[in-house]
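Peer 1: Okay, handing you the structure first.
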């Protein structure tokens, strides 16, 4: 899967996305993250990419020309237009279900806003969907884009060692993940639950499911209330 990221700070992606699981996925050619510097497409002699908002107001707004020209440079000659996502606080909040759907795409283009936002005509011309990672404000769209890339890439076959690596995680099946333990079995008198040491796999699975249900009910009642047949759980 290919991610083209339109950004003013490509070096952030070259550093962070080259490490850990995503870095390995790129080396194995399962994922490609290509950071495109919007400033390279500015026709201004000073490579300016922003200007004052019409009607007044604080801050600067990213201009149409550099952004749309950067997009055209990526998509030119393609038979099928890639899905273009604007990382925006006004978008739908990213969920695991959304990530599953996005992982079915072969190519995504992510636009990272900055300053006070982008010219509305960019959204009208090239954006298919706006996505947020939460109801709060960040300096730019780079961190949200990295979150989306990480979340989606984990669902691509081969990126993780086994499917179980993500199918047991929090949110994958609508539940929070059960507690995890490692050695030693007794740390300063705080012991690992006996069932995990028993070797009885059916009992372990039953314990884990109950723990997931309890955690979801206690920590995220909003998720628990969405579960089907929750009254029978």
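Backbone N, Cα and C define each Cβ position, glycine as well.
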Peer 1: Do you know which of 113, 158 Swiss-Prot groups with 133, 134, 135, 136, 137, 138 in the S-adenosyl-L-methionine site?
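Peer 2: Of 113, 158, 113 joins 133, 134, 135, 136, 137, 138 in the S-adenosyl-L-methionine site that Swiss-Prot records.
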Peer 1: Per 10 Å Cβ neighbour count, which of the binding-site residues 113, 136 ranks highest?
Peer 2: 113
Peer 1: Starting from the Cβ of residue 135 (S-adenosyl-L-methionine binding site), draw a 10 Å sphere and report how many other Cβ atoms land inside it.
Peer 2: 7
Peer 1: Near residue 137 (S-adenosyl-L-methionine binding site), how many other Cβ atoms are within 10 Å of its Cβ?
Peer 2: 6
Peer 1: Quick one: among the binding-site residues 133, 138, which has the most Cβ atoms sitting within 10 Å of its own Cβ?
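Peer 2: Most Cβ neighbours within 10 Å: 133.
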Peer 1: Let's check the environment of residue 134 (S-adenosyl-L-methionine binding site): how many other CB atoms sit within 10 Å of its CB?
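Peer 2: A 10 Å sphere around the Cβ of residue 134 (S-adenosyl-L-methionine binding site) contains 11 other Cβ atoms.
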